[in-house]
């Protein structure tokens, strides 16, 4: 048996008083049962807030027999709430929150269902994700990102409603070009708003290899070009992302695919003539 674990199943024979949720417990469920030999006992399942030893568990419920949970969360909970041979209960303390087992197959199955990106498992399934210093740096970056995003506020402008309406149409064949020549129209603030509310991919431009490597299949792609970038806009990478297929040659060659990508460009200038088909550009004047 593992020395310290989070999840424990237990049996307490001939209980004298009800159980209660200890401060160290995150979740508790149990019921009174009668065994085949007629013995009365509590059958239950506990999730601790942190890893706890067998000795520690026995201090919480003296006389109980504990075993490390072997099946899934749901199976352990169901076993502690089964109708036969229940006498009383079940009693449940705190909300039962299913989590993903930190195993590669479980994470892969969850990705199929939820569409989550790998980075979203970095905290909950850190062993499956990776055990390395680079993971810690990436996790720290995510914490910094979440803190920054939470502070972003938006002062709405009328042109933003037009973009919102366009996004409701879900047309991956076009490029929305938000043009504001003067500056100060709120283009960057609105781009930040889309990062915060729609998990958009944000870029100020660059080499195709760098952008393709950084893009993690987000459906909404934003290019927020500074005024000084007009002569260096990478029109090819915009087109590739709009098409939902792009080759990344950074570190290792890989082709990334997506069935739907919406691209928005924020700029103080309009695109160079002939770079895109005119019927693919939708202008919004900020």
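Using the three backbone atoms N, Cα and C, a Cβ is placed for every residue, glycine included.
Taken from Swiss-Prot as is:
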- 33, 41, 84: divalent metal cation binding site (BINDING)
- 186, 187, 188: ATP binding site (BINDING)
- 2-96: domain 'CRESS-DNA virus Rep endonuclease' (DOMAIN)
- 9-12: motif 'RCR-1' (MOTIF)
- 50-70: motif 'Nuclear localization signal' (MOTIF)
- 79-82: motif 'RCR-3' (MOTIF)
- 96-102: motif 'Nuclear localization signal' (MOTIF)
For the binding-site residues 33, 84, 186, 187, 188, work out the Cβ neighbour count at 10 Å and name the residue with the minimum.
84
Sort residue 84 (divalent metal cation binding site) into helix, strand or coil using the DSSP assignment.
coil
The motif 'Nuclear localization signal' (50-70) - residue tally per DSSP class, helix then strand then coil:
7 helix, 8 strand, 6 coil
Could you please provide the mean pLDDT value for the motif 'Nuclear localization signal' (96-102)?
79
Around residue 41 (divalent metal cation binding site), how many other C-beta atoms are within 10 angstroms of its C-beta?
21
Taking the Cα atoms as reference points, how far is residue 188 (ATP binding site) from residue 84 (divalent metal cation binding site) in Å?
61
